[in-house]
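Undergrad: Once you've had a glance at the structure underneath, I'll fire off some questions.
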């Protein structure tokens, strides 16, 4: 890893500003944009009876139109009012108005609209959650254990058997949500499983114009498939004999199959807008969700400038657990999104299931890859087809080697198997380009950016994805043989893959550039080749030219790993209804494992080498252990506020989270590392020889009388002393504190990784321990 200064210079601090497509007001220098305005609710003047009246008056007070003596209805400028997890409103303002708004009485912060993108059966068994286990969690009084998982995504396909309400009792009495009717969706589409469905589009339309209702349904119905897939992954009911064209056949089950689902559609053809996402979080908390699954992300901003971070803080205050995807920008370092410590940030891993396919070259060499191809157009495994690669030896990519639209000529590729490099265009679209040009099949070759990681796709023609080294071998053969040939064969589904799990190459990586002392991601979970329910309006490839329709689809991304964690959090919440979001997160982190099924350290698919906590966080989730973690690290809202205080937020910036102007810092923390986080990341920032001390407090959630002994890794760069080394508990929910003193022996140029574990002989409560030395500035 580079120096600290290099880390900070490399941070992407830009926010994507979305230009609204409305006509400019007469006095505007530029077209209005949507801004999110956070208000200090307690400062509403007594002259107003309702907050929305105050908000409208504030908009009117900064309006440029009134300077021209014109009248305008300020309510027409307001896109949303927020009132639960967030206090304030979204409104269309020009830049000058936004500047004046930031100075108006009662305004905490003004944030520009941003656009976030989607982070795109076997997993319950792989995670050790048998039907008996998950069902028994609810067996002792179902009504008392009802848990609602809210999913912010592209909507839901309610007819999927994954959303059957068979065996479920009445909708929980606490539930305040509803099913919003719209084209293709009525209240009757909800049941005792899907108990809520809403849409949020005001922000999208304010910036991009009206939704084209001839092509897009302005209702909770999911035309994309992504939302249906994530909802079913988190809480889908068991569906026997599910598969995609026979691949991954088995019982498809969500992590919490008896939990309820509430769908909040925030993503449309043009993206997912932050004002809509904020409105959905606000509404979901008011509706009564227990868990939020948000497989969305964009650029990372300071905590006080990140509307999702602020909204999720409000959700945490209301006891709602929030899981977010970490992003698909790996294996580049410092590529994570959703970095707030009160969010559980999830990376992606593989499972022990694969879909092998084989390329046999004319020289007899066999190349192993993966594929989900299943179609009428099968290449004969007995016949060799001409093989061609249109790229050259230049270091500059040839558009033809990438098989981009319009680059392949029929006279060059017709009847042949074409080698295509990954990059720029979607993987399945490359196959469509080859097919349109008359190609017989495709070998999709990874580049250095993807390494040896294999992601299976439902291609439209016979196609096999291969790793970088295998791709290089195939390309070399195609260029050196006078008459290169190849055959493709498809081998179905294979279980028991070793090693597994492996950290996905695409999974975004740490460190957490906002706060190095807070380790991110928090955990990893299955996110490669995940089978789950699918929309009846979308093809498995998501290409418009693909006319196939399926009930289940196989996808990869941290979008898929996030609902795994949300679903497991629902299981934990059902088993421990009184646990805070921080306790649930702690249980997931401290019981995670860091060894694969060959008993070696978890590997990184991008390098083939051992992964680090910057890649896998605390490790891979282990749901059964998380249900009974022994000890937990709890964190309350006051602790998070003290954490923000040492992040050098100004009093005004801090109000984005306090929502109360009277709240001040108590200065109980000396550094961000004092937060009672389940991971310890120590940063030696000034004097290399200095000692650092952090304290942690654990809560006993195991047997009332228990004794835990500590074990800590050896480090080259520092000596570690834990005091006390033994913790004696005499009652349930008893809290005990320990301190860790780290003294530098020899400053290291790269971070060192280890762990600190407490064990009572039954439970192992493991925390990652990371030491980083920053060079002098």
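Placement of Cβ uses the backbone N, Cα and C atoms for every residue, glycine included.
Straight from TrEMBL, here's the annotation block:
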- 153: active site, charge relay system (ACT_SITE)
- 226: active site, charge relay system (ACT_SITE)
- 559: active site, charge relay system (ACT_SITE)
- 215-227: compositional bias 'Basic and acidic residues' (COMPBIAS)
- 34-119: domain 'Inhibitor I9' (DOMAIN)
- 145-603: domain 'Peptidase S8/S53' (DOMAIN)
- 385-471: domain 'PA' (DOMAIN)
- 674-770: domain 'Subtilisin-like protease fibronectin type-III' (DOMAIN)
- 211-234: region 'Disordered' (REGION)
- 1-30: signal peptide (SIGNAL)
Undergrad: Could you put numbers on the helix, strand and coil content of the domain 'PA' (385-471), residue by residue per DSSP?
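TA: With helix first, then strand, then coil, the domain 'PA' (385-471) has 18 helix, 21 strand, 48 coil.
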Undergrad: What count of other C-beta atoms do you get within 10 angstroms of the C-beta of residue 559 (active site, charge relay system), across all chains shown?
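TA: For residue 559 (active site, charge relay system), the count of other Cβ atoms within 10 Å is 30.
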Undergrad: Between residue 226 (active site, charge relay system) and residue 153 (active site, charge relay system), how far is it from one CA atom to the other, in Å?
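TA: Between the Cα atoms of residue 226 (active site, charge relay system) and residue 153 (active site, charge relay system), the distance comes to 7 Å.
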Undergrad: Under 8 Å Cβ-Cβ from residue 153 (active site, charge relay system), six or more apart in the same chain: what's there?
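TA: Long-range Cβ contacts: 118, 222, 226, 227, 230, 231, 263, 264, 265, 266, 267, 293, 295, 296.
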Undergrad: Could you pull the average pLDDT for the domain 'Peptidase S8/S53' (145-603)?
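TA: In the predicted model, the domain 'Peptidase S8/S53' (145-603) has a mean pLDDT of 93.
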Undergrad: Measure from the Cβ of residue 226 (active site, charge relay system) and count the other Cβ atoms within 10 Å, all protein chains considered.
TA: 27
